[in-house]
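Scroll down for the structure; my scribbles are underneath it.
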Amino acid sequence: MSLVLKKSIDDVALKDKKVLIRVDFNVPVKNGEITNDFRIRSALPTIQKVLKEGGSCILMSHLGRPKGARMSDPKPEKGVRGYEEAATLRPVAAALSELLEKKVAFAPDCLNASIYVSKLKRGDVLLLENVRFYTEEGSKKEEEADAMAKVLASYADLYVSDAFGTAHRDSATMTGIPKVLGSGYAGYLMEKEINYFSRVLNNPPRPLVAIVGGAKVSDKIELLDNMLGRINYLVIGGAMAYTFQKAQGRKIGISMCEEDKLDLAKSLLKKAQERGVQVLLPVDHVCNKEFKAVDSPLVTEDVDVPDGYMALDIGPKTIHMYEEVIGRCKSAIWNGPMGVFEMPCYSKGTFAVAKAMGTGTQKDGLLSIIGGGDTASAAELSGEAKNMSHVSTGGGASLELLEGKTLPGVAILTDKEVKGRGPLLKCACGGASPSNESCPRRREGIWGGGFIVTEIVKLVGALLIGIFIGRRLNTKLIR
């Protein structure tokens, strides 16, 4: 993806404005209680900015995958179209109210909220009900998505996107509304996400290691292919490692393996070798005969998995090897766990990687980025999330960004016009970069070494021209 500088909420007046903010409040809810409020907390800086500047917030989000109803469907006698108890955002309104320490109004129908919007005053916050209760939100038919977008756009003066987690979706609330309003601004979370990914993809401190795990090679093909041209080390773990190991002729027992992807695995390993990327695969394993937790799983002595056993985590030798590689790198990006970390007996590999990255970040200045989804959950569970440079809120979005794809929800936002070269430059991704630490292009001077050389050449050229003209004038005067 070409990451282009985008206008943010710092670039627009917010006073007395009704600001429609697309947030990602797709949080886990159990028995009406939110079990992890990370995504809600991540949106607070943007909300607080609008309130501080004298605007009012209209928040919209999805939660889960409700079946939904069409806008044209008959309205039920009680309730709203498409409503599902398990997917209501009402618990989120209560949680947000506690975090903001102020009342958060709730509109039970996102497309019939005009009366709630009309009552908004400076500093007020309104949360709309789940936008996915209407199928038009994710409709592939442009006219349907546009119809929903027009209703939502009518509520507001400005549109702000802070939902990086759904930035890979071309939907009514991500792309339709800014199209209707003619502009769209990045919130602080969106800005931060793109800034960090731009840095690690475009100009990372080196060496750079990509740690890739998860179940299937097929899920990470595009990521691996795109990253091979950017990284120095590739660390592979999780079930996908055993497709690579079988491709190398190793014994993998009954471990998960994509038989139809063996040639692809060989091809990726060959490409890595051609590009000078060192690939590291597990050299020992934590195994069991069944996919279940046990008190004492088998730890192999070498790379081969015994017959009748499946590998469910990386072993201690592999952990040590991976820790050493992370320790010698300046940047690390991690997408996918090393094992079945949800079971404590198979969590050591994943948690060790998290610990190595967290320690490296705090002690040695490692640029560490966690790619959302299960990896973010693992980092949280390990207690190391707080020590990372950045933990992404977007699983699918971060994956597509690492695959080199364009994110529709980012591309639609208003481009930033950069005039001249001020002292505070911004990263080409849309993130503010007021310091050398946060902007990749400023680590070697204002625009890197190339810029400095160019300026020196210009100065020398101007000096030589001046000397030449001066000599000609002196010659004429003497004559």
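First residue shown is number 1, and so on along the chain.
From the backbone N, Cα and C atoms, a Cβ is placed for every residue, glycine too.
The CDP site recorded in Swiss-Prot comprises Gly214, Asp219, Gly336, Phe341 together with one of Gly238, Gly358, Gly360, namely Gly238. Per Swiss-Prot, the candidate among Ala239, Ala293, Ala356 that belongs to the ATP site alongside Ala215, Lys220, Ala311, Glu342, Asp374, Thr375 is Ala239. For Thr375 (ATP binding site) paired with Gly336 (CDP binding site), the C-alpha to C-alpha distance reads 5 Å. For the binding-site residues Phe25, Ala215, Glu342, Asp374, a Cα-Cα cutoff of 10 angstroms around Gly336 (CDP binding site) retains Ala215, Asp374.
DSSP assigns Thr375 (ATP binding site) to a helix.
Neighbour counts of Cβ atoms within 10 Å were compared for the binding-site residues Gly238, Gly336, and the top value is held by Gly238. Taking Cβ-Cβ distances under 8 Å and a sequence gap of 6 or more within the same chain, the neighbours of Ala311 (ADP binding site) are Ala239, Ala241, Tyr242, Ile252, Gly253, Ser255, Pro282, His285, Val286, Cys287, Thr300, Val305. Between Gly214 (CDP binding site) and Asp374 (ADP binding site), the C-alpha separation comes to 9 Å.
For the binding-site residues Asp219, Glu342, Asp374, the largest tally of other C-beta atoms within 10 A is found at Asp374. Its Cβ placed at the centre, His62 ((2R)-3-phosphoglycerate binding site) has 26 other Cβ atoms within 10 Å.
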